[in-house]
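A short worksheet on the structure shown next.
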Amino acid sequence: MSIDDALAWAKFTLVNSESALLDAQVLLAFVLEKETVYLMTWPERELSQAQKSAFEGLISQRVKGVPVAHLTGAREFWSLPLKVNNSTLIPRPDTELLVEAALDYCSADARILDLGTGSGAIILALASELPDAYCLGVDVNESAVQLAIENGKNLKLNNVHFQQSNWFDNINGLFDVVVSNPPYIEKNDHHLKLGDVRFEPLSALVADENGLADIRKIAQKTPEYLKKGGYLLVEHGFNQGSTVRELFTDLGYSEVITIKDYGDNDRVTMGLFNQPNSL
């Protein structure tokens with residue numbers, strides 16, 4: 001079986017996938033230990049029997065819905081190669097909006113806190129852009145923390161630190177910027193039964209109070225850990241923008257705005273807290 005034949009077979013087999021060809025290319029490149037461009041450069045190259053069997057096994061898992069990122073153990077975010085597993089969310093392109101927005105409010109030597117860091121994607125992206133910043137990522141899940149630490153080491157980023165904490169429980173000091181992509185999906189949301197989400201931890205996806213419980217906790221507690229003039233930025237659901245803006249405003253944040261994602265949906269809300277901190 002040639003590379004071309006393998007991709008054609010996989011594309012046909014993954015007929016129900018919205019990204020069948022891309023899935024096939026990523027998985028075949030993973031098996032061959034090559035970049036995807038190799039597949040287009042050498043389409044006539046024959047696969048060994050071991051490579052063919054491995055590829056067929058991965059495609060079989062993908063047909064069952066297992067995310068490509070879980071099959072390869074990797075996902076790129078902010079052009080950074082990250083390891084991923086089923087203890088965390090798979091980093092998504094829309095979350096890069098949170099990184100872009102945070103960078104606008106971070107000085108070169110900012111102190112930045114990422115709540116619910118998961119694989120570390122957000123804080124690692126910020127650390128890569130701000131080498132003189134102090135970057136801290138926390139997560140309640142010990143497995144997630146260990147994965148984030150591993151990603152930080154692999155990227156050789158010395159300005160980022162990770163620790164286990166249930167939101168602010170083990171946090172000390174004040175920060176210039178706090179960011180978070182917390183659980184924000186309602187328990188009965190039908191999207192939980194679709195696509196890659198089925199294979200991700202519910203604890204990282206679902207929140208009480210129509211998906212707003214954790215966002216509310218974060219917004220209420222963040223002022224205790226922000227320097228005067230500090231910013232809070234959170235990712236949320238497409239239909240939660242107005243509610244989150246109202247919540248921020250009621251809690252004393254100013255300059256509250258919401259940024260839309262690439263699909264023109266409300267996705268990230270930020271606010272300035274300009275009152276002096278008592279800590």
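Backbone N, Cα and C define each Cβ position, glycine as well.
Remember, it's a predicted structure, so these values are computed and weren't measured experimentally.
Feature annotation from TrEMBL assigns domain 'Release factor glutamine methyltransferase N-terminal' to 5-73.
For the domain 'Methyltransferase' (109-237), DSSP puts the residue distribution at 51 helix, 34 strand, 44 coil. Annotation comment: TrEMBL describes 109-237 as domain 'Methyltransferase'.
When other Cβ atoms within 10 Å of the Cβ of Gly118 (S-adenosyl-L-methionine binding site) are tallied across all protein chains shown, the result is 27. The S-adenosyl-L-methionine binding site feature in TrEMBL is assigned to Gly116, Thr117, Gly118, Ser119, Gly120, Asp139, Trp167, Asn181.
Sequence-distant contacts (6 or more apart, same chain, Cβ under 8 Å) of Asn181 (S-adenosyl-L-methionine binding site) comprise Leu89, Thr95, Leu98, Gly116, Gly118, Ile122, Val234, Glu235. Marked as substrate binding site by TrEMBL: Asn181, Pro182, Pro183, Tyr184.
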**Request:** Would you mind checking how many other C-beta atoms are within 10 angstroms of the C-beta on Gly116 (S-adenosyl-L-methionine binding site)?
**Result:** 27
**Request:** Work out how many Å separate Trp167 (S-adenosyl-L-methionine binding site) and Tyr184 (substrate binding site) at their Cα atoms, rounded off.
**Result:** 15
**Asked** Would you say which of the binding-site residues Gly120, Pro182, Pro183 has the most Cβ atoms within 10 Å of its own Cβ?
**Response** Gly120
